[in-house]
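Here is the structure we will look at.
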Amino acid sequence: LARNGLPALALLLAAGLLHTQASPSTRSFQLDYEHNCFRKDGAPFRYISGSIHYARVPRPAWRDRLLKMYMSGLSTVQVYIPWNYHETQPGVYDFTGNRDVEAFLDLTAELGLLVILRPGPYICAEWEMGGLPAWLLWKPDIVLRTSDPAYLAAVDSWLHILLPKIKPRLYQQGGNIISVQVENEYGSYYACDYGYLRHLLGSFRALLGSEVLLFTTDSTGAEELRCGTLQGLYATVDFGPGSNVTEAFGAQRRVEPMGPLINSEYYTGWLDYWGEAHASTSAAQVARGLEDMLQLGASINMQVSPFLQLTSLPWPGADYKDQYKPVTTSYDYDAPLLEAGDPTEKLFAIRTVIGKFQPLPVGPLPPATPKYAYGRVALWKVSAYPEGCAAPAWHCSAGQHPSLSLQYADLLDVLDVLCPSGPIQSQFPLTFEALKQAYGFMVYHTQLPWDVPDPATLSAPPHSISDRGYVMLQKEYQGTLERDGQTTLHVIGRAGDTLDILLENMGRISFGANTSDFKGLLGNLSLNSRPLSNWLIYPLAIDTAVQQGWPQAALPKSSSGGRVGPAFYTGTFETPGIAWDTFVKFPGWSKGLLWINGFNLGRYWTRRGPQQTLFVPGSVLHVGRPNNITVLELEEAPPTPLLLFLDQPLYNRTLGCSTTATE
């Protein structure tokens, strides 16, 4: 997660002039082993860079964020390309809209920024499966990030699509990409497969040419550097402000005795996990570490501008550190530039340090984007089938049926909308991957095979819930089964009673585990140790339904009862002639997802924290017509369902702490 910056305003201007005046043949970016630096067009060079994730920033905000980075003294940016963001199905590619990486790279060049590119194929980035597509797991025995022929075939196919888009943008070709990373922190992965790294090196060279600088990034441990480096790839390291700079660069020197010192990921913040405190790193500590590295002549890429995921799928990934640890929706981990684009004290401290080593761009830093507190918005539970209307409620006009009485739509009442192709029958549960469902939710439906007059134990085998299962008996919510948590519930019922488990994918592991992260029910549920069978499995396309306008025509009615269990709520609000950025708070809600105007803004998990608000960029809001809100609450809605739109975020409330004061 890093960004890079150019050393001096003069050099930045020169880069722009070179772009127009020098032929590509005179442009060069090389390693100087004798003087331990880079050479850019023959002159000594070092970069001060910062990371920006175009996939996590709404396209209308790209220019604002990049300009703020440039004006902070950074003249290079580091850019990840998530493979699964672009190849959504095998051989199906998307480079449109927010996914138009070429437009993003062209914008960096227009603003006079250089680029360090990190195209993976694995990127980590706290991104679902580290950027690897979930469809790789359709082949259940595939061995990821190795020389497995099935994996390499998919990688090669992708690189043959991606890298030809990159080659004309390389610095030597007249573009602004000065270096390209191969893989990412591979030394932290168990496989230690040099054949795989050699294969990638060959592919990158074949598709990008012999001149481009290719490099690796690893942490400073001896084992990590042994397995993550390869002759022909320049080895760089990553570490944060708490590290001893001399020792950390000493680790790089053991594998690269000569050449520039490089910290490819200088951590200006740290990531947040659901249920743990919000991470913070002091501005003074970050500035001090930066100055220490710059005094050694090092090139640095900072994790300067993390932003939340702003995509129409739940992209955040998870770590595995003795247990499954999903990361929060927001990617604002005490960042120098906040997810809404606001400069912080930390950013100004970084800018001051950079100013000691090179001239800063002339002029003020662009200001924070305007925010608006739109206030309280009441929601109501979505209706399913109104009386006297054969079609679902969202197909019925209130004008044609003014006296309709509504049946409220718990999620189980609208499976025909969310799974239009119908369920799959199976004797035993099947995984998401077996049914080619990448993300989101699936419902597993069966019936109790015998009477259960006394409480019986519904249990899942170890490690078989991936990742949360919301259990309903006769459509009544019973509780939740959780990965690395509660895996049993006690139930009573009669033979033939319906049993439904809504399974949620909380994000495939992006770092820390050595196995493929399959989702869904990975083993069979049992009742008092007797296996359940005869399942109907519904892969849900909730995102598609909401994007297509469901359930905008649901009719309002007070929902005094039935607040427990997975259900949809909807509402509308209007902006007062402006569409400014805002933050949504969920007073009294438990856990779920939010869409506004069909745009998936991610998960909230008020009960667990620390994140209590979701960022809503103004670019997704309408002016002059209502904004449609859809909430899928998974556990329990408040007695009075409403959302609170604020002009500032709330990130640091954990494990059900009272938030009454802020309301």
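Residue 1 is the first one shown; counting continues down the chain.
Cβ atoms are placed via backbone N, Cα and C, with glycine included.
Just so you know, TrEMBL annotations never went through curation; they're auto-generated.
Noted in TrEMBL for the protein shown:
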type	residues	note
ACT_SITE	Glu185	active site, proton donor
ACT_SITE	Glu265	active site, nucleophile
DOMAIN	38-356	domain 'Glycoside hydrolase 35 catalytic'
DOMAIN	429-540	domain 'Beta-galactosidase 1-like first all-beta'
DOMAIN	566-624	domain 'Beta-galactosidase galactose-binding'
SIGNAL	1-22	signal peptide
- Which residue counts does DSSP yield for the domain 'Beta-galactosidase galactose-binding' (566-624) in the helix, strand and coil classes, in that order? 3 helix, 27 strand, 29 coil
- Message: For the domain 'Beta-galactosidase 1-like first all-beta' (429-540), how many residues does DSSP put in helix, in strand and in coil?
- Response: 3 helix, 58 strand, 51 coil
- Note on the structure: Averaged over the domain 'Glycoside hydrolase 35 catalytic' (38-356), the pLDDT of the predicted model comes to 93
- Note on the structure: For Glu185 (active site, proton donor) and the residue listed as 'active site, nucleophile', the CA-to-CA distance in whole Å is 11
